[in-house]
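Inspection log for the structure reproduced underneath, given as C-alpha cells.
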Amino acid sequence: MFTGDGFWHNGVVSYIGMVIILLQTPIFFNQQYPSLVDIAQRWQLVWDKDAAFELRFDQNCLSLHKRDEPKLDGISVDFVSGAVAHRRKFGGGRGQSIAKAVGLKQGVTPTVVDGTAGLGRDAFVLASLGCKVIMVERHPVVAALLEDGLRRAYEDAEIGEWMRDLMSLFHGSSISALADAAQSSGTEIDVVYLDPMYPHREKSALVKKEMRVFQTLVGADLDADGLLAPAMALATKRVVVKRPDYAEDLDGVKPSMVIATKKNRFDVYVKSAMK
C-alpha cells in the first residue's frame, strides 16, 4: 500500500499525491503574481524569459499559452463548464463507448487508473459515470493545469462533492507508478486506462491547436509501448488502450476485443470478468 507521496491509501485515492521531479522545467510567467510564483515552486518550474510557453492566472483559472502563437487561446482544464460539462449532461451516459470499454454496466462501477491523464477529459467522463478515477500525469505543467482544474471543480456547488470523492491526481512517471503500484499488496485497481499521445491526421482547429501545443510541450510518447506490461500487472480486470483507428496495437500486442468509434478505437485487454 502506498502512503505519503504515493497515490494509494487503503486501496483508493483520498488526496492529491505528488512526487518531486528533479528535472526542472523552464516556463515564463509574470513574477509579480504570487499565485504564479507559488505554482512554479510547487511544480519545480523555473522562470525563463526565453521559454516557449507562458503560464497565466486570470479569473481564478490557470492557463498555458504558446508564446510564438499569440492568436491561440490558452489551454486550461475546466471540469465545470464548456464541452466536458455538456458531455456529462448529454453525452449518452453508460452507453458511451468508453464506458463499455472499461466495463461499466449495471451493478459494476470499476476503479480506474488513467495512466496518461493529459487534460483529464476521459477521466472526467468516467468519474461522472460513477467510477473512482486516479489520474497519473508525468509532465509538471500539465499536472499543474490538472490540479487547478480539480481545485475549481472541488469548489463547485454542483459537482464538487462527488468530484472530491471520485477524481484525484498523482504526479509522476506513469510506467514507474503503475509498476510500483502493481507490487503493492494493498492495491486493488480494476481497470487501467491508457491514451498515449499519437500523431493525429485530423485537421480540425481543436486538434491542431492542442496537438501543436502538447507535442511542443511534452513531445511524443516514445516510451508508450512500455506502459502495457505494468498496466497489465496492476489491473485486476482489464486494460483499455485508446488509439486512433489507424494506429498499430500498443507494444504489438493484440487486444482481447476492440470497440470502434468513428475516429478512434478502444483496445481492451481482458484479464478477468467484470463483476
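The backbone N, Cα and C atoms fix where each Cβ goes, glycine too.
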Site-mate of Arg121, Asp122, Glu137, Arg138, Ser173, Ser174 for S-adenosyl-L-methionine in Swiss-Prot, selected among Asp78, Asp156, Asp195: Asp195
Structural state of Glu137 (S-adenosyl-L-methionine binding site), classified by DSSP into three states: strand
Those binding-site residues listed as Asp122, Glu137, and which of them has the most Cβ atoms within 10 Å of its own Cβ: Glu137
DSSP three-state assignment for Asp122 (S-adenosyl-L-methionine binding site): helix
